[in-house]
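Participant: Right, I'll just put the structure down here and ask away after.
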Amino acid sequence: RELAGVAFIAVGFWAWSEKGVLLDLTQVTQLHGFDPVWLVLVVGGVTFILGFAGCVGALRENICLLKFFSGVIGFIFLLELTAAVLAVVFQSQVREWINDFFLANVKGYRDDIDLQNLIDSLQRMNHCCGAQGPNDWNQNVYFSCNGTHRSREKCGVPFSCCITDPADSVLNSQCGYDVRNRPTSEWTEHIYTKGCIAALEDWLPGNLYTVAIVFIVISLLQMVGIYLARTLISDIEKVNFSY
């Protein structure tokens, strides 16, 4: 766990340094939408702290660290369980939140290279464009059909929305230019018209068993960790009591 945590943190700081954020910390507050580097840093930090507490607590037979380890894992497990239940009960609200979240990141598409790569990967993998459809890219100042700006990408979409020909060996990054100036009936010949929210809803039922298995495996690993930590705490307390 400690090595994994250090790796996550190192990758996060490397990614920030590569795009120059660490050279100018004021950029942190200027980024729009979701920055994936934050997720890497948070996961790395939590993993490292948990790994350190569990490892040192077991080696030194430190009850406080072991209780911290089992308590945090238990808390994370409860959060995961609560999130799963709420996602099922409040499906419409979750769908609306995901839609707003995606649109917020569409607005910041050109402001952060990590965010840009994340959205491009999502759209290419799921054969989708925008949250509800291609017109969601009006939310981005560079792709918007509104206003008097002279962006070359005006009334277009990112290349990740384009329907690619498997025979093409070179990626055409300009394939989405001016595509929304064409009649709507022609869009399906050039770009994906399904929104990524709908694509996600279509993907989930077909992969429900996979998602369930992953959730069960992660839950079992967490419960085993809690059980081992509590067992060790009980053994240490028994030895201390005998003295």
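The backbone N, Cα and C atoms fix where each Cβ goes, and this holds for glycine too.
These came from TrEMBL, pasted as-is:
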- C128-C161: disulfide bond (DISULFID)
- C129-C145: disulfide bond (DISULFID)
- 36-56: transmembrane segment (TRANSMEM)
- 68-90: transmembrane segment (TRANSMEM)
- 208-229: transmembrane segment (TRANSMEM)
Participant: Near C128 (disulfide bond), how many other Cβ atoms are within 10 Å of its Cβ?
Facilitator: 25
Participant: Please identify, from the disulfide-bonded residues C129, C145, C161, the residue with the sparsest Cβ neighbourhood, meaning fewest other Cβ atoms within 10 angstroms.
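Facilitator: Looking at the disulfide-bonded residues C129, C145, C161, the Cβ with the fewest others within 10 Å is that of C145.
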